[in-house]
Amino acid sequence: MESPTHPKPSKDKTLSWNLAFLVGILFTIDIGMANPSPHQIYNVTWVITNVQTNTQANATSMLGTLTDAYPTLHVDLCDLVGDTWEPIVLNPTNVKHGARYSSSKYGCKTTDRKKQQQTYPFYVCPGHAPSLGPKGTHCGGAQDGFCAAWGCETTGEAWWKPTSSWDYITVKRGSSQDNSCEGKCNPLVLQFTQKGRQASWDGPKMWGLRLYRTGYDPIALFTVSRQVSTITPPQAMGPNLVLPDQKPPSRQSQTGSKVATQRPQTNESAPRSVAPTTMGPKRIGTGDRLINLVQGTYLALNATDPNKTKDCWLCLVSRPPYYEGIAILGNYSNQTNPPPSCLSTPQHKLTISEVSGQGMCIGTVPKTHQALCNKTQQGHTGAHYLAAPNGTYWACNTGLTPCISMAVLNWTSDFCVLIELWPRVTYHQPEYVYTHFAKAVRFRREPISLTVALMLGGLTVGGIAAGVGTGTKALLETAQFRQLQMAMHTDIQALEESISALEKSLTSLSEVVLQNRRGLDILFLQEGGLCAALKEECCFYADHTGLVRDNMAKLRERLKQRQQLFDSQQGWFEGWFNKSPWFTTLISSIMGPLLILLLILLFGPCILNRLVQFVKDRISVVQALILTQQYQQIKQYDPDRP
């Protein structure tokens with residue numbers, strides 16, 4: 001994009017901030033659905049956030065797919081600005097160095113000021129992709145509103161009409177019906193461009209909005225993020241009434257954990273298949289069992305959408321629930337004799353505390369769970385066995401089972417929902433982890449996670465596990481999905497064995513203890529250096545080479561590369577202020593005396609010479625006056641005159 005010519009110098013666009021600003025994450029990861037269900041309907045909410053105050057300026061919700069849910073967003077300029085146009089004070093010690101604007105008459109504190117904002121142009125600069133900006137132009141960071149130089153602006157309402165071919169949004173003024181400005185009278189209209197509709201909204205995208213005026217242009221920072229949720233909220237299925245009411249543990253300040261001197265012994269070999277009716281003499285260790293869940297998730301995700309596994313983090317959640325169910329519509333088998341899947345039914349009642357979606361229901365479903373049913377069957381008479389398709393389970397009121405008996409179902413007035421079972425493995429873009437480990441000031445934001453269930457939900461319905469596929473791709477996806485199912489089956493068997501050891505305890509106490517055991521398993525992996533501990537998740541780095549086992553070394557390597565790239569983009573003068581936290585104060589303290597001393601050395605000799613010359617001239621005049629007073633002037637006589 002060519003830089004427009006403006007009457008204002010570019011130095012006016014640079015403020016005296018010297019700290020980098022990083023924003024945490026609050027949004028929902030962009031969902032890449034599997035091929036069988038590209039038309040899945042979600043509740044999509046677009047949120048515009050005022051970064052200065054960390055408040056929500058606007059939220060727009062709609063029902064639609066992830067391809068067409070891009071509505072026109074409306075927000076008021078004063079919701080992005082506040083009472084006064086002021087920059088963010090990233091460091092409280094920066095206030096005394098001029099980090100605030102001296103003028104505050106450009107805010108929205110009064111009605112007159114709101115009207116005044118309508119007369120000033122504004123321009124917007126993106127901060128989500130600095131590498132796509134104009135070549136040879138340093139657009140700065142959040143402290144500059146990403147507009148440190150002309151040519152960085154991509155949209156706005158100004159006389160030079162800033163445009164861009166690569167930015168995600170356009171921001172223009174809307175029409176206001178409130179001429180008195182008693183309410184909101186500075187409407188802005190935000191629309192998504194074609195590039196924005198194709199972008200991966202895996203986190204909040206930030207922009208800087210600057211008011212075009214004389215002097216420094218004030219800054220307002222805002223983010224646009226997308227939140228995706230299912231239409232029906234998840235509900236608990238199972239006999240345990242304690243788990244649905246459990247809340248996540250309170251977040252405490254994260255302290256540095258000690259690294260174990262020895263790495264945990266892990267079994268590098270792939271998990272062997274276990275017969276349904278017999279248990280192998282050797283059970284794989286806890287570390288291998290959890291890593292196999294992540295490995296199977298990676299293989300299934302890579303087979304369905306390789307673009308998602310090009311560069312990502314797969315995280316095991318350390319808080320319950322550890323599995324979630326997606327209700328589906330499937331063709332179950334009705335048999336008079338119990339199939340092999342019925343023989344491997346768990347001996348204990350396992351509760352799935354999160355079931356979402358709509359699918360096939362069997363039995364008398366109460367009103368509290370009818371939202372999970374797309375199709376309901378009352379059941380069959382006689383001693384029939386209903387076996388769930390491969391890769392699916394029946395989530396019943398009495399627990400999780402791959403097969404249900406109609407005789408028991410009719411006798412107990414139970415009900416079941418056909419579900420896909422997925423481990424609670426969350427998917428994150430690499431930026432999510434790097435921003436948490438980077439040593440920079442940032443706002444605290446709650447992460448929004450995309451679980452594998454949302455990304456691969458409906459996979460069995462599409463025919464990968466339940467149906468018969470043709471071609472190499474179908475066979476490959478079937479193998480990868482079965483490996484994930486084998487890892488889940490092994491993990492569920494281990495959980496069931498743990499419950500058997502506590503069978504004399506209360507059911508609720510047993511499952512709570514089991515959940516604490518999973519939390520200890522996650523800590524075990526963290527102490528061994530296999531995972532990057534991030535809040536309440538255990539993250540494993542993955543790319544097209546597969547799952548990386550030594551994650552901490554990989555994380556340190558990539559953080560070092562990012563730091564080198566960041567340092568290379570900084571100017572030599574800007575880099576001084578990042579070397580030490582007290583360097584800014586030292587420079588500002590001694591810069592004044594140094595400048596005065598330099599001016600004295602440059603202009604002192606010239607001023608001194610002129611002063612000496614002036615004194616000499618005055619002395620010469622005084623000496624001449626003294627000499628003339630000692631003598632009398634002789635009168636001249638003209639002899640020709642009488």
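The backbone N, Cα and C atoms fix where each Cβ goes, and this holds for glycine too.
It should be emphasised that the depicted structure is a prediction, and the values quoted were computed from it without experimental measurement.
Pulled from Swiss-Prot, these are the features on record:
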type     : residues : note
TOPO_DOM : 35-586   : topological domain 'Extracellular'
CARBOHYD : ASN43    : N-linked glycosylation site
CARBOHYD : ASN58    : N-linked glycosylation site
REGION   : 233-283  : region 'Disordered'
CARBOHYD : ASN267   : N-linked glycosylation site
CARBOHYD : ASN302   : N-linked glycosylation site
CARBOHYD : ASN307   : N-linked glycosylation site
CARBOHYD : ASN334   : N-linked glycosylation site
CARBOHYD : ASN374   : N-linked glycosylation site
CARBOHYD : ASN390   : N-linked glycosylation site
CARBOHYD : ASN410   : N-linked glycosylation site
COILED   : 476-525  : coiled coil
MOTIF    : 531-539  : motif 'CX6CC'
COILED   : 535-571  : coiled coil
TRANSMEM : 587-607  : transmembrane segment
TOPO_DOM : 608-642  : topological domain 'Cytoplasmic'
Residue among glycosylation sites ASN43, ASN307, ASN410 with least C-beta crowding, 10 angstrom cut-off: ASN307
Top Cα neighbour of ASN302 (N-linked glycosylation site) in the set of glycosylation sites ASN43, ASN334, ASN410: ASN43
Cα-nearest neighbour of ASN334 (N-linked glycosylation site) within the listed glycosylation sites, ASN43, ASN58, ASN307, ASN374: ASN374
For ASN410 (N-linked glycosylation site), the one of ASN43, ASN58, ASN374, ASN390 that lies nearest, given that the glycosylation sites are compared by Cα: ASN374
Cα-nearest neighbour of ASN374 (N-linked glycosylation site) within the listed glycosylation sites, ASN43, ASN58, ASN307, ASN390: ASN43
Using Cα positions only, nearest of the glycosylation sites to ASN58 (N-linked glycosylation site) (ASN43, ASN307, ASN390): ASN43
Rounded inter-Cα distance in Å - ASN390 (N-linked glycosylation site), ASN307 (N-linked glycosylation site): 27
Which of ASN58, ASN302, ASN334, all glycosylation sites, has a Cβ with the fewest other Cβ atoms inside 10 Å: ASN334
Packing count at ASN374 (N-linked glycosylation site) (other Cβ atoms within 10 Å of its Cβ): 13
Taken over the coiled coil (476-525), the model's mean pLDDT: 64
ASN43 (N-linked glycosylation site) and ASN307 (N-linked glycosylation site), Cα-Cα, nearest whole angstrom: 24
CB contacts for ASN390 (N-linked glycosylation site) [other CB atoms within 10 A, all chains]: 17
